[in-house]
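**Student:** First, the structure itself, so that you have it in front of you.
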Amino acid sequence: MSDVMPSGRSRLLEDFRNNRYPNLQLREIAGHIMEFSQDQHGSRFIQLKLERATPAERQLVFNEILQAAYQLMVDVFGNYVIQKFFEFGSLEQKLALAERIRGHVLSLALQMYGCRVIQKALEFIPSDQQNEMVRELDGHVLKCVKDQNGNHVVQKCIECVQPQSLQFIIDAFKGQVFALSTHPYGCRVIQRILEHCLPDQTLPILEELHQHTEQLVQDQYGNYVIQHVLEHGRPEDKSKIVAEIRGNVLVLSQHKFASNVVEKCVTHASRTERAVLIDEVCTMNDGPHSALYTMMKDQYANYVVQKMIDVAEPAQRKIVMHKIRPHIATLRKYTYGKHILAKLEKYYMKNGVDLGPICGPPNGII
């Protein structure tokens, strides 16, 4: 049965691939587990069977893969078979595989398929083994964070491992928070830290973020980190960010990345802070018109205005509407102005609101 075909596959695998065994069982591929695991169709077959296998069937498969487990971990199809054992295997099987990983965590974390195995292992092994695994990354944190595969492993560590065991990650980030927040992978890891780590671990991270808020809000990756603090952070951290935005609402609202942060500020600030931000664009002038007028026509800032209309208190919303109303004709000419018009119409229809006479300031500046 084990003749090698011209394809290099055994006759059994070749026949299986040609659908000659519609009801093949795991025990029937004994002796061929490694070969099947490294074949696209064979691996899929084993994965599906493992989910509903008896303990004896699982053990049969396991006995054949354990010695060469590392080879499967870095294989395009084999890695899935190893992952299935972390998900559905017995505790003994999981611990035996964790033992195979020992000493290789870094190389696996940086490898395209191995990184998936490490992530799955971290989800399903006991905390003692988790701690042992993550310790191998100590001294290599920044290398992993900046790696397209390794960053996913660091994120999974932060999500699954007790934060007390992750202090070495926090230590590695000291003085690096700005650089990492403006990095395509680093910005994700910073967000995971803010979500899962202890207050005394996130504090130094937040301190470094606050030192660089102005640059971060304008960065293509950093803006996401600041948005994250606004959505999930402590009130005092939100307030510090709002304080940085105050006085700069007009300029930042017209910026591709910072405009998203301004929107989040308007949404997540305290009622008082929100009112101050909205008042800023209503009372500040930009040339002959109000800042609000400039913003309504801008491709990014118009979204900030829309958000302000949505979240303003009724009295302040009325003021914003008063400011916008004289410009209806102009807004029709601008692509982005039309969004505001739609918002106005919706508001009027919903509330049946009559704004009363539009009496702008005596000097005619709106």
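The backbone N, Cα and C atoms fix where each Cβ goes, glycine too.
Whatever TrEMBL says is automated annotation, not expert-curated.
Checked TrEMBL, it gives:
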{"type": "DOMAIN", "residues": "8-348", "note": "domain 'PUM-HD'"}
{"type": "REPEAT", "residues": "28-63", "note": "repeat 'Pumilio'"}
{"type": "REPEAT", "residues": "64-99", "note": "repeat 'Pumilio'"}
{"type": "REPEAT", "residues": "100-135", "note": "repeat 'Pumilio'"}
{"type": "REPEAT", "residues": "136-171", "note": "repeat 'Pumilio'"}
{"type": "REPEAT", "residues": "172-207", "note": "repeat 'Pumilio'"}
{"type": "REPEAT", "residues": "208-243", "note": "repeat 'Pumilio'"}
{"type": "REPEAT", "residues": "244-279", "note": "repeat 'Pumilio'"}
{"type": "REPEAT", "residues": "283-322", "note": "repeat 'Pumilio'"}
**Student:** What same-chain residues lie close to the repeat 'Pumilio' (136-171): Cβ under 8 Å, and 6 or more beyond its ends?
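**Tutor:** For the repeat 'Pumilio' (136-171), the nonlocal Cβ contacts are 102-103, 105-106, 109-112, 114-115, 118-119, 122-123, 127, 130, 180, 183, 185-186, 188-189, 192-193, 195-198, 201, 204-205.
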**Student:** Please list the DSSP helix, strand and coil residue counts for the repeat 'Pumilio' (244-279).
**Tutor:** 27 helix, 0 strand, 9 coil
**Student:** Can you work out the mean pLDDT of the predicted model over the repeat 'Pumilio' (136-171)?
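**Tutor:** On average, pLDDT over the repeat 'Pumilio' (136-171) sits at 98.
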**Student:** Just give the helix, strand and coil counts over the repeat 'Pumilio' (208-243), going by DSSP.
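**Tutor:** DSSP composition of the repeat 'Pumilio' (208-243): 29 helix, 0 strand, 7 coil.
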